[in-house]
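Undergrad: Next up is a structure, given as structure tokens.
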Amino acid sequence: MTVPADLSSLLAVAGEVLDVASERFVAGRGAPRSVDKGPNDFATDLDLELERSISSELERRTGISVHGEEFGGPEADSGTVWLLDPIDGTVNYSAGLPTAGILLALVRDGDPVLGLTWLPFVGDRFAAAVGGPLLRNGRPQPPLQRATLAEVMVGVGSFDIDSRGRIPGRRRLDVITELSRRVSRLRMHGSTGVDLAYTAAGVLGAAVVFGHHPWDNAAGVALVRAAGGRATDFAGEPWRIGSGSVVAGAPGVHEEILDIVGSLTGPVPEEDRIT
């Protein structure tokens with residue numbers, strides 16, 4: 001499938017912007033927390049600085065508004081909007097772990113049409129436009145091949161067993177427990193962007209994301225789809241802005257995981273909800 005000229009040019013511009021931002025990203029490794037955002041969640045001064053600089057340059061060069069994790073922006077479920085997470089895996093980044101990156105997606109009417117995941121500490125840059133191919137460090141990658149759950153590693157999100165809400169911690173544990181019985185290996189990287197990017201690259205067979213934040217998920221969803229994988233919510237509906245979860249994976253693996261999460265998640269009883 002040929003990528004439309006406008007998407008191809010926007011992907012190139014976005015890559016140039018992230019290349020420049022990567023230098024500051026690397027230099028700021030280990031930045032301490034500066035903004036508390038909730039239980040076990042925080043931002044660093046680098047999150048704020050990078051979001052400002054990347055957003056400013058994207059808007060200047062493309063004329064398209066940016067919705068960022070730290071400062072917000074226009075709604076992303078309609079129109080054309082950049083979605084930015086300046087540091088995905090902030091806890092890792094602050095601690096000095098290399099599993100952190102910059103996530104950027106272009107969303108049109110709620111669907112991601114471009115995805116970029118830059119992992120400066122490990123030297124990987126993943127980019128794709130709708131229709132593919134997946135580019136890894138500028139080189140087209142082969143499409144994902146059908147596989148089975150028993151053959152692959154699966155990335156899963158971190159969690160608090162006592163958390164309550166849309167998908168309570170104990171239900172997340174149920175999913176992880178069942179996966180552990182059926183996969184080759186489970187991996188918990190502490191970065192949604194890392195899990196989804198390496199799923200798109202075929203390093204992981206799939207990723208299970210319990211979180212719903214679109215700036216965490218949109219870029220990776222675009223990458224997985226461009227690579228020939230599937231990306232849905234836990235109910236099997238195609239992922240888009242507003243979806244509450246992600247199952248992304250290679251053909252075959254995705255369907256097996258969907259059966260697991262479908263049997264173990266669902267409506268949350270009233271007594272388990274946050275009030």
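Each Cβ is built from the backbone N, Cα and C atoms, and glycine gets one as well.
Any TrEMBL annotation is an automated prediction that lacks curation.
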Undergrad: Which one, GLU69, GLU70, GLU237, is listed by TrEMBL in the same Mg(2+) site as ASP85, ILE87, ASP88, ASP216?
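TA: Same Mg(2+) site in TrEMBL: GLU69.
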Undergrad: Which one, from the binding-site residues ASP88, ASP216, has the smallest tally of other C-beta atoms lying within 10 Å of its C-beta?
TA: ASP216
Undergrad: Going by a 10 angstroms cut-off between Cβ atoms, which of the binding-site residues GLU69, ASP85 has the sparsest surroundings?
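TA: Across GLU69, ASP85, these binding-site residues, the one with fewest Cβ atoms within 10 Å is GLU69.
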Undergrad: I want the residues beyond GLU69, ASP85, ILE87, ASP88, ASP216 whose C-beta is within 8 angstroms of the mean position of the Mg(2+) site's C-beta atoms, in chain order.
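TA: What remains near the Cβ centre is LEU84, PRO86, GLY89, THR90, ILE102, LEU103, THR192, GLY193, HIS213, TRP215.
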